[in-house]
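What Swiss-Prot records for 104-165 is repeat 'FG-GAP 2'. Per Swiss-Prot, N-linked glycosylation site is recorded for ASN159, ASN284, ASN293, ASN486, ASN587, ASN701, ASN719, ASN762, ASN818, ASN877, ASN904, ASN952 (among others). Under the heading repeat 'FG-GAP 5', Swiss-Prot lists 289-354. Per Swiss-Prot, transmembrane segment is recorded for 992-1015, and the stated evidence type is sequence analysis.
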Amino acid sequence: MPRRQPPRPLLLLSALLCAPASAFNLDEEKLTVYSGPPGSYFGYSVDFYIPDPSTVSVLVGAPRANTTQPDIVEGGAVYHCGWPAARCRQIPFDNTNNRKIKVNGTREPIEFKTNQWFGATVKAHKEKVVACAPLYHWRTLKDSPEKDPVGTCYVAIQNFSAYAEYSPCRNSNADPEGQGFCQAGFSLDFYKNGDLIVGGPGSFYWQGQVITASIADIITNYSFKDILRKLAHEKQTGVAPPTYDDNYMGYSVAAGEFTGDSEEELVAGVPRGAQNFGYVSIINSSDLTFIQNFTGEQMASYFGYTVAVSDVNNDGLDDILVGAPLFMEREFESKPKEVGQVYLYLQESAFLFRDPQILTGTEVFGRFGSAITHLGDLNQDGYNDIAVGAPFAGEDRRGKVLIYNGYSNGLKTDPSQVLNGAWASQSMPSGFGFTLRGDSDVDKNDYPDLIVGAFGAGKAVVYRARPVVTVNALLILNPMIVNPDNKTCQPPGSPLFVACFTVRVCAAFEGQSISDEIVLKGELQLDSLKQKGAVKRTLFFDYHQSHHYFSIVMERQKKLYCQDFLVYLRDETEFRDKLSPININLNYSLDESHFKDSLLVKPILNYYQRPSVTEQAYILVDCGEDNLCIPDLHLSAVPDKDQLIIGEENCVMLIINPRNDGEGAYEAELHIKIPPEADYTGVERNNKALRVLSCDYKMENETRMVVCDLGNPMVAGANFSTGIRFSVQHFENSDFSINFELQIKSSNKINSTSNLVNLHINITAAAQVQVRGVSHPPQIILPLHNWEPKDEPTKEEEIGPLVEHIYELHNIGPSAINNTVLHVGWPVSSGEEFLLYILHIQTHGPLHCQTSSPINIMQINFAIPQDTPELAAFLYNSTISHYIRRREVAVAEPYRRNSAKILNCTNVKCILISCNVGQLERGKSAALKIRSRLWAETFLQRKNDPYTLSSNVSFKVKNMPYKVQPAKLPEGSIAIRTSVIWSTPNVSFVIPLWVIILAIMLGLLVLAVLTLALWKCGFFDRARPPQDDMADREQLTNNKTTDA
């Protein structure tokens, strides 16, 4: 059969598939770190070497290390590292060059040790050590340069004084069809009796195989020159049908007992079997027949990448652990995440296992499950524990190791400790946790330790287990029920006596390999359930504080050590809470400063035992012999009004009646949940029938509350009424009612609350809407002075007198209105003759109008007016002055007939003006002004016939801007009238001119005669008194004298 192209070696796949808890009792401070040559992959494999009970050291594989072998490059090595920390030295398993044969007269190598990855696996069993080179190549055909990775192993015994090579797949007929790509030593383990198990996953077109052999057979009669060697008791699994090609059986191996015959079986991982789902086989060690398989749950998860055996639940039966580091977790519809899994199969009896317990990794690409090791009983609790490697998890992919503790039902699902890699590598991840080995005690403290390899960083780390201390602590309170009236203790420096009680702290310890004396650091917290800043009801007698730190020295195991502390109760006026228990809490920890030895690891408290103890004291209350108050709380409430109208200043008072028909209710409070529409305004204080409570506004979980104190306690038989006032204004999103929730709450344990009262107050909307209007002028008097009709008028004055109708829609309230329709019917013509010719429509406020037909169809020129005084006056409720111009000669009263003919939309043609009115709040208006001209010619043709022109306006409110609507929405209508009447002029007489002249002349003659008669009678002469005559004469005489 022709050879297929050899795949990339499987060893590289195992190493590079993913290229790019809190602490418990593995000590992360006192580490032993071994380092190897850079780039050697030191730490790729590790194990403990215990040739005798008194000697423990560490073996570390470095598969890319250089050795002293001539002409061999990076052949790989195994290092022996002493403990305590000592320098590591290479173990000289093989110091030779490649063996050669003569081909056509030339000596050519028959084996190839360069890059053979010696040290990729290493295992020790007592004084025996086996290390393998799975990429060791062998030249099968002497006349062909081709070579095959058959793999080889070396055995060291007698403290590395004797060595033997073991290459079970090296033969003269090696090829892919056979064992040419075997890679023997890819995995490695020992039976308990010391026999060797070797995995060769590349045999038979990568079907894989497992091989077992006795170390004694390998050593006996070994000769370096004996290249092709067959052992008498060697066992190998054979070739399977072609459907098993590329399965990789032997990728991992382990040994355990599963058939109940006390004879161990071997376990082999087959990560690409079962159509790439992977499986693990239990194989009979006697004849290597297959007994049972466990199959993976997900394709390509690499189920079987690693296997381990441990009695996790300590039932005497071995259990199987399987790693699937490429398992991908799918969460809902999110992208799958590669997190890895570990499966635990608990053995219940021979051939019978439970369904697997599954541990799932948490970090993407962390490769959780790449390594699994049995740790032994790490914390000495009677159950074995395991470690799981996630070599590419953590910060910068430095790697993690997770410790899982066993218990009676398997493994605890959360790790008790997570070890983090401390090294980062620029070229590749450090691989911390890629290989693990446990279940050996290097420091002889009776606790097993752990080795972790970090081949990318060239490190191997030994973690030592810390002794576990289990503390049994308790608190004793005397008395547990404190009588606040029994004041027998006087604190230092205080003249007052207080009630007090004793807190006794007792503790004992035990543990494996613990010193005779340990010291606990303790902290006592009084009333620990009270939040920070709250009043602590009890204080230490000597310190007046609610917490105290102290130490307990315990000199030997299992002996109880106690300390007493005196505690007192504050005065009752200093706190409200009398019912809830007084929590006394003890926290403790180990005083590590007490341990002086720098080499020994310090003990640690048991992770699975809470380092705290709690007890509770109670305050004696007046609640009978059982000190348990059981109230019987009742609550009723009514509002002082049944209905709230939107838009009004709604103030509502809740009249509330709390009642207690049982025993005292402590810290009793009335809780009122306020609806969004309401605001708390206060307590009613002016009604003597209502008790005045102390109330506060609060926010509880974003809920607005009013909380009122009802007493501490609210005594038995309490029954009263109180009034709480609210202002209700915010109705934007209100439904048909608002709801207040009321309840009494207390701190009593039983019957702590009253019935819940839901108080509903109905909400309604109501608005009074008024439409009003005016005509300006109210009447037109014909005929018009100095006006002549024109056949084709172009200016508005040529049509006739101005007529304006003004309409206002006014919301009196209290609620707002929205979406109102306003209609105006306007008498525009009768037959072919115009009546009122519309020039312009003007609006004010949230009003949008349109007409049923065009206006000003004759394109009459007009000036667009601003708000006229009469419109402004109308809108602001002022008196509208009508200035009616009368004809100068028309001074008589208008001529009226008994009745005027009414012209409206019932008998003439009208234009319909439709308006949509927006939201009008209380007291707001919208107005419409129609500016028109009376078509005078139409009426002058009907001389002396009076008319009344009537426009009709109506409105209807469609809805209000609230969720709640009134039963009937406002609507109404009115008519605005303009009268057209005729004047009747007074009769006038013409006087001739000569009559006027004659009348003037006669008048002047009469005036002259009258004047002459009066003069003749002395009417114009002035009579003087005698004294005045004398004075005048004296004055005259004096003047004359002076002149002289």
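Think of each number as a place in line: the chain as shown, counted from 1.
Glycine too: its Cβ is placed from the backbone N, Cα and C atoms.
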Summary of DSSP states over the repeat 'FG-GAP 2' (104-165), given as helix, strand and coil counts: 0 helix, 31 strand, 31 coil
ASN293 (N-linked glycosylation site) versus glycosylation sites ASN486, ASN587, ASN701, ASN762, ASN818 - nearest by Cα: ASN587
Sparsest Cβ surroundings (other CB atoms within 10 Å) among the glycosylation sites ASN284, ASN701: ASN701
ASN818 (N-linked glycosylation site) and ASN486 (N-linked glycosylation site), distance between Cα atoms, whole Å: 72
Around the Cβ of ASN293 (N-linked glycosylation site), the count of other Cβ atoms that are within 10 Å: 12
Candidate glycosylation sites ASN587, ASN701, ASN719, ASN762, ASN818, pick with smallest Cα gap to ASN284 (N-linked glycosylation site): ASN587
PLDDT averaged over the residues of the repeat 'FG-GAP 5' (289-354): 95
Closest of ASN159, ASN701, ASN719, ASN952 to ASN818 (N-linked glycosylation site), Cα positions, glycosylation sites only: ASN952
Glycosylation sites: ASN719, ASN762, ASN818, ASN904 - member with fewest neighbouring CB atoms within 10 Å: ASN719
The repeat 'FG-GAP 5' (289-354): DSSP-derived helix, strand, coil residue counts: 0 helix, 31 strand, 35 coil
Cα-to-Cα gap, ASN904 (N-linked glycosylation site) vs ASN587 (N-linked glycosylation site), nearest whole Å: 98
Sparsest-packed among the glycosylation sites, when each Cβ's other Cβ atoms within 10 Å are tallied, from ASN159, ASN587, ASN952: ASN159
Proximal residue to ASN719 (N-linked glycosylation site) among glycosylation sites ASN159, ASN587, ASN701, ASN952 (C-alpha distance): ASN701
